[in-house]
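Asks: What TrEMBL shows for this protein is this:
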REGION    22-80  region 'Disordered'
COMPBIAS  30-39  compositional bias 'Polar residues'
COMPBIAS  44-74  compositional bias 'Basic and acidic residues'
TRANSMEM  100-122  transmembrane segment
DOMAIN    100-531  domain 'Major facilitator superfamily (MFS) profile'
TRANSMEM  142-160  transmembrane segment
TRANSMEM  172-194  transmembrane segment
TRANSMEM  200-221  transmembrane segment
TRANSMEM  228-247  transmembrane segment
TRANSMEM  253-274  transmembrane segment
TRANSMEM  342-365  transmembrane segment
TRANSMEM  377-401  transmembrane segment
TRANSMEM  408-429  transmembrane segment
TRANSMEM  441-465  transmembrane segment
TRANSMEM  477-496  transmembrane segment
TRANSMEM  508-527  transmembrane segment
Amino acid sequence: MTLSESHYTTPEDRWTADATYRQENESRQQEFQTGSPLAQYQKLPEKGSTEAEKLPLSYDEKQMASPKKDDQLFRPEGSGKGQLEEVVSVSTTRGVFHQLLLTSAVLLLAAGCGMPIGYSAVLLPQLYDANESLTIDIEMGSWIASVHSLATPIGSFASGPIMDRWGRRPALLMAIVPLFTGWVLLATASSHFLLLLGRVVAGISVGLIAAPAQILLAEIAEPRLRGVLIGAPFVSYSLGILLVYALGSQLHWRAVAWGGTVLPLLSFVALFFAPESPVWLARNGQPERASDALTWLRGCPIQAKQELHKLTERFEEERQQNNGRRQRFWHSLGELSIIKPLVIINGFHVLQILSGTYLVVFYAVDIISDLGGSEINSIQAAVLTAIVRLAFTFLYCFLLLAMPRRMMVTLSGLGSGISSIAIAVFMYVRAGEPKTTLDTYIAAALILVYIGANTGFLTMPGIMIGELLPAKIRGQIAGYLFTIFNLLLFGVAKGFPYAKAALKTQGLFLVFGCASFGASLLLFLLLPETKGRTLHDIEDYFQQRNWLWMSRKRVASVRAKDDGQEEEDQRLSKT
């Protein structure tokens, strides 16, 4: 009989026991990284073994045998006990290197996806030139610029079923083909129709890539690295936009399009030799390939075996609950454990868009012109804001490694909200007054503070999709979530000029500020702290009945030490 069979009947119990088991074996896990070759392959006691059952677990067995609603094993926050412990590294140095290697292949692809976004800024000015063979008017230019965004949701919608059916890595490999084809169509276009077709094909490809890339990184990363690995593609994405700007400033638009084929080719080669997600392999009847993938990613066959056992055990539990069959996708959407992360993710998507995260990117020149007046070069300022956003995206990726998710996003929202309100107040006060040099400097400082703070929101959707969704629907629902997000973004971006005319720029920043505060409040109340937690632990958390994070049950990770200390105190008091 295993420990889980004898003691753990609820997700809360399993969460507690798993955290305790990891803590009791911390010293041995560290030997995998720094010990001798013999120590690296010393077998750890598996759950259910005689040795494992002898380990001191941090729970009261009598209390576990008859759990109560007011179980004190999960102490309330602020008590100083029962704090959630981060998972120690489960990979050797070689395993960490392999995870970074696979992430680098995805980063190449992310940069390749950023290039089509910025390409319209390179293409349109050259096509407006009367000497250009494919000269265009403003109407055609607007279609060339916007059709990419219209095509992206198509790819996002298709990405879920594709990656669930064939796997995360094959989905990315298939998505690279239309990206390469789109660039070739643009480079060789002999008509406006082929230009539009190239933009559509590239847009579909970008939609196909987004969800599988985030899911693959979430499923291959160990807990302590997962945040930075999932956030890194946003840095690469911004680099792709800057890269196409740099190429466009020096080269003809056809040469830039040919240059756009390089990153897709490199990423295709890199991903071709990369392993598939072990989570997908374990859930699709390929345990040997899953074991090989985990051994490569963790650098230790013993750790790979334990992790694979946990994956298959979780999958078998799901099958038993559904009488040996896979649960239907639409039926699973009615479960509370899935409704809760969907509410968090979709609610944040709406508030993030309304906070101006992407609107300031799309309409940077117009917004900066209103803020700074004629004293500021709006085009140069827009480029500066792009560089600042890139720098802060890079910074936030490292903060994800060192800082709790909830703290980072809460501070980001508060900073974004305060700076937005400050911009609105500044514009109301200075409305109708002549612009001065001081006004220009104040406006520039406020907008840069806003962009720096708001960039923290940029990394969160991918992280939440990769971490909060349960494995059984993670692939399929991720594509649909990206579809909804892209459609919302297109609708808000399309209506932005009308909102700007009605509310003025200062009114828009009031909306940005309120939405930023709302996003911070939403995540502060509902978002669980996922830093350092395994994906299994996060799934178990959402199976609890609570909605608010502060009303959760806590993991008593230090209970054994506390009990031992109490016994020692009692012994000393008697003597």
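Please read every residue number as a count from 1 along the shown chain.
Any Cβ shown, glycine's included, is placed from N, Cα and C.
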Asks: Mark yes when the transmembrane segment (100-122) and the transmembrane segment (508-527) have three or more Cβ pairs under 8 Å (sequence separation 6 or more) and no when they do not.
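Replies: The transmembrane segment (100-122) and the transmembrane segment (508-527): touching, no.
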Asks: Are there three or more C-beta pairs under 8 angstroms joining the transmembrane segment (172-194) and the transmembrane segment (228-247), sequence spacing 6 or more?
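Replies: By the criterion, they do not touch.
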Asks: On average, what pLDDT score does this prediction assign to the domain 'Major facilitator superfamily (MFS) profile' (100-531)?
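Replies: Mean model confidence (pLDDT) across the domain 'Major facilitator superfamily (MFS) profile' (100-531) is 85.
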Asks: Within the same chain, where does the transmembrane segment (172-194) have neighbours whose Cβ lies under 8 angstroms from its own Cβ atoms, ignoring anything closer than 6 residues to its ends? I mean 6 or more beyond.
Replies: 106, 109, 112-113, 116, 119, 123, 134, 136, 140, 155, 159, 162, 166, 200-206, 208-209, 212-213, 216, 253-254, 257-258, 260-261, 264-265, 267-268, 271-272
